Structures are given as structure tokens and as C-alpha cells.
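**Student:** A single structure is presented below for examination.
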Amino acid sequence: MARGYGATVSLVLLGLGLALAVIVLAVVLSRHQAPCGPQAFAHAAVAADSKVCSDIGRAILQQQGSPVDATIAALVCTSVVNPQSMGLGGGVIFTIYNVTTGKVEVINARETVPASHAPSLLDQCAQALPLGTGAQWIGVPGELRGYAEAHRRHGRLPWAQLFQPTIALLRGGHVVAPVLSRFLHNSILRPSLQASTLRQLFFNGTEPLRPQDPLPWPALATTLETVATEGVEVFYTGRLGQMLVEDIAKEGSQLTLQDLAKFQPEVVDALEVPLGDYTLYSPPPPAGGAILSFILNVLRGFNFSTESMARPEGRVNVYHHLVETLKFAKGQRWRLGDPRSHPKLQNASRDLLGETLAQLIRQQIDGRGDHQLSHYSLAEAWGHGTGTSHVSVLGEDGSAVAATSTINTPFGAMVYSPRTGIILNNELLDLCERCPRGSGTTPSPVSGDRVGGAPGRCWPPVPGERSPSSMVPSILINKAQGSKLVIGGAGGELIISAVAQAIMSKLWLGFDLRAAIAAPILHVNSKGCVEYEPNFSQEVQRGLQDRGQNQTQRPFFLNVVQAVSQEGACVYAVSDLRKSGEAAGY
């Protein structure tokens, strides 16, 4: 009897032990297979604006490349898949988080003003906008030296390996992507493209190329092969640069090989702004990080949450405060002048990062949206948008890169170097931003506390100067929770509005990353009028109109955001469907 009882107890204990082991095993497995959802990755991810380029970036990571390696490879690819947005003839900004050192640095390789330029260039803004075609708007390209500096500091794989996938793409029968074809057939762009040297590349007779049409580009393939094997100096001081300078001189360009040789990227610390549990790292002036930081810092103080969006009046209230904050931000863009070229601007953006100004702005935001432009320090300025490309990368070790690259407006200056296969930027067009409509050029570069003196005046370009930019490749880090958000966007002047709204929706309003990027945005122009992306909530639009917000129609919206987030063991990556993007990870 006792023996039978003992056997029963032993069996019960054995069963309990097995059950406990199963539970422990399940817990352990759940940690490795966390409930991340089917769209999550376990290790790393790349978000470029096309599937093929995201895939190339992922492959580089899987070959033990660093996040910088993957970013460069994805950008080189994008210059071929979406050449209307970026390329070797443009410029790039990297924001890089090194998990080993815990530091975030910025490499600014945006284009600069060449030594020879028209002193009265900015008097041509009214005639040039919105496209800015012509060789007079070309800045010194910085793209390749930006890649080289980033690779020198943070690369792991051999330099040439980063170019091989795109060279293979070009040599293997490259075809036109649907997004590129859409730009080629755009009714505004098409006449200028047809009249430019780009016609030889993108037209079949009188017709623009269509999706899946062959796009032979042997000159660019050869250029990439040369840069891969010989390094970037073959462009900046060697035969590639000489060929480019000679080609575009036929279009009226005054760019010289000396301009190329003098170009150097700038390496600086990222701006750092606390946003509750997160810290935002973004690029300093002349990039737009200070404006993005200002917007989010002001909005943080309103303590918006998921509950704020639960009822119609709450949603209207959130977007009213956003609109008013964007108006005040627009009035501060004068602070984005290049501090290297204009020393009095050295500390001009510092106030934008602090709580004192943020609190002052919050106190000036009330329930109405019909204040005079002077309330926000707004002056009617030139604006344009739709260009640029962004890549976000998160590596296995937690290091991250946000990189935004551009030739400025679609197809840049529409000037093509046939021997190198390079499309040139029109970056000097961004200098028009500092010249309010109706202003003339003034020889005085700095007057008092504000650049250019009173509103209505502007000052000529300075050789070596970088244009003010809306580019905001950014990284947000929550060290306590081990969370990150690597984010940036494209779309010219729409970039800051789009990125700010994606961050606001993700951090505070309860949106997941995909929904935060997909949500229709609003934008405030320099007249203080609200522009709504198609499908933006009509209910919110009516509510804002009731509060006195003026609205206007924007002829063309193309705001594009790419982001990667890390939440515990889960990695999420989203490329914006507005540009038919698709992220990749593993």
C-alpha cells in the first residue's frame, strides 16, 4: 500500500516537473520569439524607397557589413532606381549612432556654392521656381566624398563591395521603375525634360520611357566601376571630375575641377533634445534638425496621448496645436543659414532647442488660428518640394544610420554629363528660401541679430556655403527601454512636416509605425495657410476651419518617410507606399 502510494506521488511530482519544464521552455522561447507580429524582424532592417535597394542593403548587412556599409549600398542603388531624387551629382547627410561609443555624429556632405557664380543669382528666383533648371543652379556635388568619409569612419566591408550590386543591376538589363516613369510623364516636368540633355537618357524619340522599358546607362555603370576600384579621388581630383566639368561647361556651368577638389564634408555632433523618455538626435544647421527639434519640443509640452485622439473635438485640438506650432516653426527658418559661412549665425539655432522658447511659444498658442502673419514672424517666401530620398538602417548590434540624399528638385538642374552618366543637382535654388518674394539682393550678409536685416532683403551666395535644408535624418533613442526610431523623409519643404507628424503619431498618439507613416499629413506654407494631403480627415479640416485656420490646395503632394524602429527584441521597418517603397530585414 505504502509502496503504491509512493509510486503515485513520484509520478505526480514527475508530471509537475515536466509541466514546469515546458513552461520554462515556453518562456525562454517566447523571449527569442517575442510576440512581435508577422511584420517584425529579429535582427536588423533597411528601409529604402524601393524594394530592390532595401534588399541590397539587407544583403550587405547579412555579409557582416556595418549599417553605414548597408546605407551606402542602398543609396548607390537608389541613384539608379530613382534618379529623379538623388545621385552622384548631389549631396547627402548621414546621422550615425555608434552603439559602442554611445555617440551620435552627423556627416554633412551637402553641395556647396562654387567659387564662380552669378552674384545676382538670387534675383532670378522668381523666374526659376519651381523647377530651377539650368547650370547656374548647380552646387559642388558632395555625395561621393560623403560616402567615403562615412565608410572611413564606420565601414567594415571593402569599399568596392558596396558598389557591386548596383553595377550588376546596370549591367544586367536595367529597366525603368514605375515611380521614375511617373515623374517622366508628369505634365509639369515633361516639357523641361524633353528640352534638356536628359532627353537622350530618358526618352525614346519624343516619348518618355514607360515602366519596364529598358534603361541602358553604360556611362554610369562605368563611373561606378571606376569609383569602386580607384576611390572617390578619381572624381574629385581626377579624370572623372575633369570629364564632368567639361561636359556641363557646354550647358553653361562654371563649376571647376578646383571646386571639386576643395569640397570637404563636415563632421559634427548631432543636435540633442530630450523628448520625454526619448532623446532626439538630428543634424544641425544648415540642415533642418533644429526646426524639427523645436516643433517636437513644443508639442511635447501639450501632453498629447492616445486619449487625445479618442473624440472628434480632441482630434481637432491636436491638429490645431500642430498647425500653430508649424506656423511658429516657419517663422524661425532664417536660423538655418550656414554658420560656417555666416559666423553670426553660429548660435542662432540654440534657442530652438531649449525649454524657454518652447514654453513661450506654447503660451502664445490659443484656440484661434486667424492671427496675423506677424504673430508668427512669417514672411512670404519661396517654397518647393518633391525631391530627395531617405534610407534608414538598424544593425544587429543596435548601431543605426539615417541618411538623406538629394539632387534637390526632380532631376535637379536637368543638366546631364553624358560621359560620366551623372545628373547634376540644382541645390543653389534652396538659397532662394532666404529671399522673401519681391525682395532684392543686398550686399550686406549679416545685419543685427537677423540675417539679411529686415524681412524683404536677402544676401548673395558665399563660395563654399551650404544651402539651408529641410533634410532631417534623425535617430530617437530610449536607453531605459532599449528602444530606437531611425527616421527621415523626402519631399522638399514637406519633409519636416511629414517626419514631425510621423514621430508625433508613433511616440504619443498610439499609432504603430506603419500607420504613423501612412497617415495623411498637413503642411503650413509661408502664407500661414494649411495644405492638406488628399484623404486627410474632412472632419478635422472642418474643425480647423471653425477655429479660423485658412486653407489652400497644394498642386502636388509627395511626402515620403522611411523608418526603422526597435522595440525590445522586435525590429520594425517601413518604407513609404507613397513612393511604392518596401523595407527589408531579417
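Placement of Cβ uses the backbone N, Cα and C atoms for every residue, glycine included.
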**Student:** Out of Thr78, Thr133, Thr406, which is the one Swiss-Prot records at the L-glutamate site of Arg110, Glu427, Ser469, Ser470?
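**Tutor:** For the L-glutamate site that includes Arg110, Glu427, Ser469, Ser470, Swiss-Prot also lists Thr406.
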**Student:** Out of Asn98, Arg110, Asn204, the recorded positions in the record, which is closest to Asn550 (N-linked glycosylation site) when you go by Cα distance?
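**Tutor:** Minimum Cα distance from Asn550 (N-linked glycosylation site) across Asn98, Arg110, Asn204 lands on Arg110.
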**Student:** For Thr388 (active site, nucleophile), what is the tally of other C-beta atoms lying within 10 angstroms of its C-beta?
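**Tutor:** Its Cβ shell of radius 10 Å holds 29 other Cβ atoms.
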**Student:** Any idea what DSSP makes of Asn347 (N-linked glycosylation site), helix, strand or coil?
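**Tutor:** DSSP assigns Asn347 (N-linked glycosylation site) to coil.
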**Student:** Asn535 (N-linked glycosylation site) has how many other Cβ neighbours within 10 Å of its own Cβ?
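**Tutor:** The answer is 9.
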**Student:** Report the residues of the chain - excluding Arg110, Thr406, Glu427, Ser469, Ser470 - with C-beta within 8 Å of the mean position of the site's C-beta atoms, for the recorded L-glutamate site, in sequence order.
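**Tutor:** Once Arg110, Thr406, Glu427, Ser469, Ser470 are set aside, the remaining close residues are Gly91, Ile93, Glu111, Ala287, Thr388, Thr404, Asn408, Asp430, Arg466, Ser467, Met471.
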**Student:** When you rank Asn98, Asn303, Asn347, Asn535 by Cα distance to Ser469 (L-glutamate binding site), which of the glycosylation sites ends up on top as the closest?
**Tutor:** Asn347
**Student:** Return the single residue from the recorded positions list (Asn98, Asn347, Thr406, Ser470, Asn550) that has the minimum number of other CB atoms within 10 Å.
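**Tutor:** Checked Asn98, Asn347, Thr406, Ser470, Asn550; of these recorded positions, fewest Cβ neighbours within 10 Å: Asn347.
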**Student:** Report the nearest neighbour of Asn347 (N-linked glycosylation site) in space among the recorded positions Asn98, Arg110, Thr388, Thr406, Glu427, comparing Cα positions.
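**Tutor:** Comparing Cα positions, the closest of these recorded positions turns out to be Arg110.
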